[in-house]
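One structure is given below, encoded as structure tokens.
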Amino acid sequence: MNKQRGTFSEVSLAQDPKRQQRKPKDNKSSISGTKQEIFQVELNLQNPSLNHQGIDQIYDCQGLLPPPEKLTAEVLGIICIVLMATVLKTVVLIPFLEQNNSFPNTRTQKVRHCGHCPEEWITYSNSCYYIGKEKRTWAESLLACTSKNSSLLSIDNEEEMKFLTAISPSTWTGVFRDSSHHPWVTINGLTFKHEIKDSDHAEYNCAMLHLDRLKSVQCGSSKRYYCKHKL
């Protein structure tokens, strides 16, 4: 449009020379301004890439960013992993830890109730228990417990038996007999009335706790032992 104005001005001046002579300064200024406008328009038309370059850079920068759908999917994936880990911990790990800690918890409760056992002794109910660090014969175990002001293990009830078996599956007890023709007695001289397996063997005259039952074995064999001291 500016180009048309400039052309129209030039034609008008050519047709009216008298008018051109009356105002020479104004026409010269108008022509100069028109030429500048035409040059600016032509420059813009010749270099359209300059205007689009900035726009392309903006779109290129935006293309570097992940779309909102991708970000949402990644966040949901992380949340799912965290939830699965929490469920596995609740279902598997916590019951496992509770099961493994059931006996230590029982001992802790008993210690709080009594709390008078020497160091390295286990407290359960109203008694203290010492676990021998080495295997000994029945007679040697009896002497070792006597030196600790205690007696070789005696079992009062089934609950105590289960508790001790969970700590050590095999140990001497303070039950014996003189021969297969004599009854089983405790070290205190009391008749032992509970069943003892394999009591028909003539040489098996000492009783031990094995798993959840009592069985007769040779008194000269080496076994682990418990010392017991009642509070």
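In case you wondered, yes, glycine gets a Cβ from its N, Cα and C as well.
Per Swiss-Prot, the feature topological domain 'Cytoplasmic' maps to 1-70; the stated evidence is sequence analysis.
Swiss-Prot lists 1-12 with the feature compositional bias 'Polar residues'.
Per Swiss-Prot, the feature region 'Disordered' maps to 1-31.
What Swiss-Prot records for 16-28 is compositional bias 'Basic and acidic residues'.
Annotation comment: Swiss-Prot describes ASN100 (among others) as N-linked glycosylation site.
CYS117 (disulfide bond) falls within neither a helix nor a strand when secondary structure is assigned with DSSP, and so counts as coil. Residues annotated as disulfide bond in Swiss-Prot: CYS117-CYS128 (among others).
Packing around CYS227 (disulfide bond) is summarised by its Cβ count: 24 other Cβ atoms lie within 10 angstroms of its Cβ, all protein chains included. Under the three-state DSSP scheme, CYS227 (disulfide bond) falls in the strand class. Residues annotated as disulfide bond in Swiss-Prot, with sequence analysis given as evidence: CYS145-CYS227 (among others).
Its Cβ taken as reference, ASN149 (N-linked glycosylation site) is surrounded by 9 other Cβ atoms within 10 Å in the chains shown. Here Swiss-Prot flags ASN149 (among others) as N-linked glycosylation site.
According to its DSSP assignment, CYS206 (disulfide bond) is in a strand. In the structure as shown, the Cβ atom of CYS206 (disulfide bond) sits within 10 Å of 25 other Cβ atoms. Positions annotated as disulfide bond by Swiss-Prot, on the basis of sequence analysis: CYS206-CYS219 (among others).
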If you measure between the CA atoms of CYS117 (disulfide bond) and ASN149 (N-linked glycosylation site) and round to the nearest Å, you get 12
May I ask which residues of the same chain, at least 6 positions away in sequence, place their Cβ under 8 angstroms from the Cβ of CYS219 (disulfide bond)? THR137, TRP138, ALA139, PHE176, ASN205, CYS206
What Cα-Cα separation, expressed in whole Å, is found between CYS128 (disulfide bond) and CYS227 (disulfide bond)? 8
Fewest other Cβ within 10 angstroms of its own Cβ, chosen from the disulfide-bonded residues CYS117, CYS128, CYS145: CYS117
On the 0 to 100 pLDDT scale, where does the topological domain 'Cytoplasmic' (1-70) sit on average? 50
